[in-house]
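Chemist: The structure under discussion is supplied below as structure tokens; questions concerning it will follow.
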Amino acid sequence: MDSSSSPSPSAAAAPAADAGRYTFSPKLRWQPEVEEYFAAAYGRDRFARISEALAHPSRYSCIRVNTLKSSTDAVMHKLMDLVCENGLSDGINGVEIVEQNGGDQPHEQSSLVQKCPYAGLENVLFVQGSGPHVLNYNSQPDQSVKEVIVSRKCAESVLRGAQVFVPGVLACSSHVEKGDKVAVSVAVEQPVKDGGWAVGITRGTVLQGLQSDVHYEERKGLYIGQGTAAMSRSGIFRVLHGIAVEMTERVYKLPSFNDVLEGEIFLQNLPSVVAARVLDPQPGERILDMCAAPGGKTTAIGILMRDKGEVVALDRSHNKVMDILKLASEMDLNCIKAYKLDALKSVRKTEEATIVEMVNSHCEAIKTLAEDSGPCHVTVDGTATNVNEESSTTTVVQSEQLFSVDDKNPEPKRYVSKAELRKNLRRMKNGPGRNNCSGGRVEKSKGFFPNSFDRVLLDAPCSALGLRPRLFAGEETLESLKTHAKYQRRMFDQAVKLVRPGGVIVYSTCTINPGENEALVRYALDTYKFLSLVSQHPKVGGPGIVGSCELFNKTYTEKWLTEHEAELVQRFDPSSPVDTIGFFIAKFNVGEKEV
């Protein structure tokens with residue numbers, strides 16, 4: 001037998017060794033103590049399914065239609081036209097979607113754009129994607145595959161349909177030129193000696209296509225697609241911005257909606273749409289969205305109110321407040337008023353409320369303030385005060401010439417010079433500065449009066465352990481999860497003070513952590529006896545978690561819900577056939593408050 005016609009053992013073994021290399025089969029890593037906690041809450045098998053689902057994106061995009069500017073049917077036809085004309089779906093003309101984890105029945109071959117099947121969500125459309133796909137990375141057997149390694153955050157965005165941008169590239173094969181075909185893999189954090197986690201790759205590292213390459217074994221099963229290099233290797237690590245790789249083949253194909261039907265549609269996770277609906281805002285009401293950025297729920301509330309009433313949106317970031325205002329403008333909503341304010345300081349302090357009461361005593365017909373176009377100007381103890389009841393803000397400006405000195409308190413009142421005013425004006429004109437403000441002015445608020453809102457939505461900052469796709473979860477510990485929960489309780493306390501008797505509070509998070517969900521509901525019901533948990537519409541998610549769990553060597557018991565209470569909340573399971581992010585919603589009616 002001619003030995004040249006037979007492959008050598010080493011050559012035959014190479015493909016077998018790399019058989020599972022160029023695939024996407026991620027395994028989500030957790031801190032052991034956190035994994036045990038979730039296994040106790042969900043059951044080990046169910047948590048394993050949830051963990052697997054979290055590492056993959058949903059296989060459809062959810063679009064909320066702005067029904068003040070268009071109709072669901074009209075947008076559906078426009079999207080179908082765009083798919084046909086511009087290839088919006090990246091070549092998908094109709095895909096067969098099979099439910100995850102052995103769902104009861106696969107969907108029939110269907111059109112790309114479908115109406116949401118759940119009652120009460122008539123303004124929602126689903127745009128189907130597909131995946132995971134098996135890709136052929138080694139199209140040229142005589143050459144090694146040219147590769148690019150990207151960061152975890154970059155990879156998570158690519159799995160949702162984004163391109164590979166320059167800041168996300170960590171390493172690249174040598175001799176990559178513009179136009180070359182490259183395989184894209186992701187470097188996920190690994191355990192380090194000090195007990196923490198780190199990627200351990202110096203940006204700019206050269207890949208040789210050898211087993212000695214950085215993260216060679218760790219990247220097995222973490223290939224997310226391939227694309228065309230938009231610039232050379234040297235260009236990728238020389239410039240600061242731009243597309244590094246244009247993805248041509250993806251493990252998951254999801255349509256992109258950048259600059260598509262601006263103002264008519266908003267890309268939003270299904271549970272977020274449900275949360276705004278559950279709040280059930282009515283025209284003419286005053287609604288508070290306590291942690292509003294980027295403004296998806298805020299605008300959803302405004303649309304449900306038919307742009308009649310007032311929606312107050314808060315965020316402590318200047319840039320995020322600007323984003324909320326921009327989105328409201330795109331959707332032609334005039335009822336939204338966004339302010340820069342930390343949600344933990346939402347309730348006006350007592351001494352500030354006293355000052356406003358003094359001002360109000362000098363104003364006639366205070367009940368008509370909201371109808372006046374300008375603020376009320378009053379002098380209190382030699383201080384010029386502007387009061388704007390709509391924003392619940394008070395600005396105190398002291399006269400430049402005023403030096404009121406009290407015999408008992410010889411310290412003069414603060415003098416504001418014209419030079420300081422000019423300096424502040426220059427700051428506003430000169431743009432970002434060190435805090436990276438995007439320019440433009442946003443209004444600040446000193447807080448709001450108790451009982452001044454009809455409904456409050458608290459979509460609280462959380463551990464975000466329900467977001468998909470998530471390729472790493474080891475950063476969270478039991479202690480950090482407990483810290484999130486404490487922060488949320490403080491925010492909920494503010495919400496309770498701000499909503500009027502007879503009003504509604506809706507609490508939501510995008511995490512699977514019971515300590516931030518069911519345990520918060522337990523705290524609310526035990527602390528505020530005038531709160532009652534009520535049923536929700538629409539109801540898409542499943543029930544909450546019942547029981548309790550002992551933590552920190554049994555020194556602390558985390559209490560959850562009763563069976564009756566669990567049926568009143570909504571918990572969105574990423575591993576369920578609904579195929580959403582992990583999410584939680586609770587709705588409270590507010591009774592007569594204790595004096």
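Cβ from N, Cα, C; glycine included.
So TrEMBL has the following annotated:
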- Cys510: active site, nucleophile (ACT_SITE)
- Cys291, Ala292, Ala293, Pro294, Gly295, Gly296, Lys297, Asp315, Asp342, Asp459: S-adenosyl-L-methionine binding site (BINDING)
- 198-591: domain 'SAM-dependent MTase RsmB/NOP-type' (DOMAIN)
Chemist: Can you give me the same-chain residues 6 or more apart in sequence from Asp342 (S-adenosyl-L-methionine binding site) with a CB-CB distance under 8 Å?
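Modeler: In sequence order, the residues whose Cβ lies under 8 Å from that of Asp342 (S-adenosyl-L-methionine binding site) (at least 6 apart) are Arg316.
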Chemist: If the S-adenosyl-L-methionine binders are Cys291, Ala292, Ala293, Pro294, Gly295, Gly296, Lys297, Asp315, Asp342, Asp459 per the record, what's the largest distance between their Cα atoms, in Å?
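Modeler: Farthest Cα pair among residues binding S-adenosyl-L-methionine: 19 Å.
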Chemist: Given the recorded positions Cys291, Cys510, which one's Cβ is surrounded by the fewest other Cβ atoms within 10 Å?
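Modeler: Fewest other Cβ atoms within 10 Å, among the recorded positions Cys291, Cys510, is found for Cys291.
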Chemist: For the domain 'SAM-dependent MTase RsmB/NOP-type' (198-591), what is the mean per-residue pLDDT, to the nearest integer?
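Modeler: Mean pLDDT across the domain 'SAM-dependent MTase RsmB/NOP-type' (198-591) comes out at 84.
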Chemist: What is the total of other Cβ atoms whose distance to the Cβ of Lys297 (S-adenosyl-L-methionine binding site) is within 10 Å?
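Modeler: Around the Cβ of Lys297 (S-adenosyl-L-methionine binding site), 25 other Cβ atoms lie within 10 Å.
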Chemist: Counting across all protein chains shown, how many other Cβ atoms sit within 10 Å of the Cβ of Gly295 (S-adenosyl-L-methionine binding site)?
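Modeler: Total other Cβ atoms inside 10 Å, all chains included: 26.
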Chemist: Quick check for the class: what is the C-alpha distance, in angstrom and rounded, between Cys291 (S-adenosyl-L-methionine binding site) and Cys510 (active site, nucleophile)?
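Modeler: For Cys291 (S-adenosyl-L-methionine binding site) versus Cys510 (active site, nucleophile), the Cα atoms are 13 Å apart.
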Chemist: Inside 10 Å of the Cβ of Ala293 (S-adenosyl-L-methionine binding site), count up the other Cβ atoms and send me the figure.
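Modeler: If we count other Cβ atoms within 10 Å of Ala293 (S-adenosyl-L-methionine binding site), we arrive at 23.
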